[in-house]
Amino acid sequence: MSHNDTIVAQATPPGRGGVGILRISGLKARDVAQEVLGKLPKPRYADYLPFKDVDGSALDQGIALWFPGPNSFTGEDVLELQGHGGPVILDLLLKRILTLPGVRIARPGEFSERAFLNDKLDLAQAEAIADLIDASSEQAARSALNSLQGAFSARVNHLVEALTHLRIYVEAAIDFPDEEIDFLSDGKIEAQLNGVIADLDAVRTEARQGSLLREGMKVVIAGRPNAGKSSLLNALAGREAAIVTDIAGTTRDVLREHIHIDGMPLHIIDTAGLRDANDEVERIGIERAWQEIEQADRVLFMVDGTTTDAVDPADIWPDFIARLPKNLPITVVRNKADITGETLGISEVNGHSLVRLSARTGEGVDVLRNHLKQSMGFDTNMEGGFLARRRHLQALAEAANHLEQGKAQLLGAWAGELLAEELRLAQQSLSEITGEFTSDDLLGRIFSSFCIGK
């Protein structure tokens, strides 16, 4: 679809509401105002007017806001019509606007896409709009707003600028081959490079925090039937999310709960008890349990403390451990400490964390909460911050790798050309975050995940 088209979409959620907003952007927005309002409102002033149908009769009345480009969100002429929030009224008004030639329904995220293409915001800021809307906690919302206001982009642009200066220095050395070795070995370039690497490491640390705020951690509770998995889900969720009985196999499907631990989103998944099942429904539930385990960030291996004294997972259930994906973190949870009399707390056993608790009474559950927060490296004391997506983390990691490769070329062979190339690739990776170097395919995937009216 052409970016020369004028687009329209509802900017408020579907359904009934006190106010419903239609947003129009493009060259024909001026014509829409003349046809629907009978005049062009004063720029950036609220004008209370009737919204007219083709025959001149009123469809609704409300507030019209006119933002002539380039001083608008999209950088184009923008008209907003704020009427009553009934779906029938909004649908009639939308159909009226679509009768005008050159006007079409907007694609998801197309308003934000046009703002990006018209340099009203960069790609990281555009993504922050969607993240702010989807924020599931106060801390996530504040971090998304920081990104929208340019905090993340400013950090990235600072790194790009530092790399630009470093590249100039290195390439100047290459232009004078008789003095290149002296330029590269005098310590100045190494010091500057180390400074950029340190700054990048700091940004990566904050970005990982931002990714946790946005994505959360997926934790799967797994174990044999009647180990107390559903009781632990309820204890972590703080409500009776799962049915708990003494009957083995009560949980036959996957149960999901979304909670927060000091601002960090946590996706807790309770699964069917793992065993050789003859019942077809239970067997399907066990298959789904393994699917969730394979996609988990961490598995809570739930153990009934009344059935074994073992603490090493390989001793408790070797077949279960052997089937787990390689490098998947495991926390052994010895449950029913209120019955066994075990000392509550956390310890380490052969590289695995071991938590002793009682899911039924809630004793020791706070220890598990703190363990989950710490195991993901979440820092509740970090001020400010910004949200980050997986693609941001990947771009930062690629940039860090190129800088390390460049440092190896500098210190190992004084190879100026190879160092310059690694610096260029690092700069390109960072520029993908803000959209300075980004493929059209990636842009399409990013903006298609937005709301229609954004």
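Each residue, glycine too, has its Cβ placed from N, Cα and C.
The structure displayed is predicted, hence computed values, not measured ones.
Taken from Swiss-Prot, the feature (6S)-5-formyl-5,6,7,8-tetrahydrofolate binding site applies to ARG23, GLU80, LYS120, LYS454. Annotation source Swiss-Prot lists K(+) binding site at ASN226, THR245, ILE247, THR250. The annotation GTP binding site is assigned in Swiss-Prot to 226-231, 245-251, 270-273, 335-338, 358-360 on the grounds of sequence analysis. Among the features that Swiss-Prot reports, Mg(2+) binding site is placed at SER230, THR251. Annotated domain 'TrmE-type G' per Swiss-Prot: 216-377, in sequence order.
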How many Å lie between the Cα of GLU80 ((6S)-5-formyl-5,6,7,8-tetrahydrofolate binding site) and the Cα of ASN226 (K(+) binding site)?
58
For the binding-site residues LYS120, LYS336, work out the Cβ neighbour count at 10 Å and name the residue with the minimum.
LYS120
Any idea what the Cα distance is from ARG23 ((6S)-5-formyl-5,6,7,8-tetrahydrofolate binding site) over to ASN226 (K(+) binding site), rounded to a whole Å?
55
Residue pair LYS229 (GTP binding site), LYS120 ((6S)-5-formyl-5,6,7,8-tetrahydrofolate binding site) - Cα distance, angstrom, rounded:
50
For SER230 (Mg(2+) binding site), which of the three DSSP-derived states applies: helix, strand, or coil?
helix
Restricting to the domain 'TrmE-type G' (216-377), what is the model's mean pLDDT?
86
Have a look at the binding-site residues LYS120, ASN226, SER230 and say which one has the shortest Cα distance to LYS336 (GTP binding site).
ASN226
Just checking: which of LYS120, ALA272, SER358 have a Cα that is within 10 Å of the Cα of SER230 (Mg(2+) binding site), counting only these binding-site residues?
ALA272
Taking just the CA atoms, what is the gap between ALA272 (GTP binding site) and ASN226 (K(+) binding site) in Å?
10
Provide, as an integer number of angstrom, the distance between the C-alpha atoms of SER358 (GTP binding site) and ASN226 (K(+) binding site).
13
Which whole-number value in Å describes the distance between the Cα atoms of ASN226 (K(+) binding site) and LYS120 ((6S)-5-formyl-5,6,7,8-tetrahydrofolate binding site)?
57
Pick out which of the binding-site residues ARG23, LYS229 has the most other Cβ atoms within 10 Å of its own Cβ.
LYS229
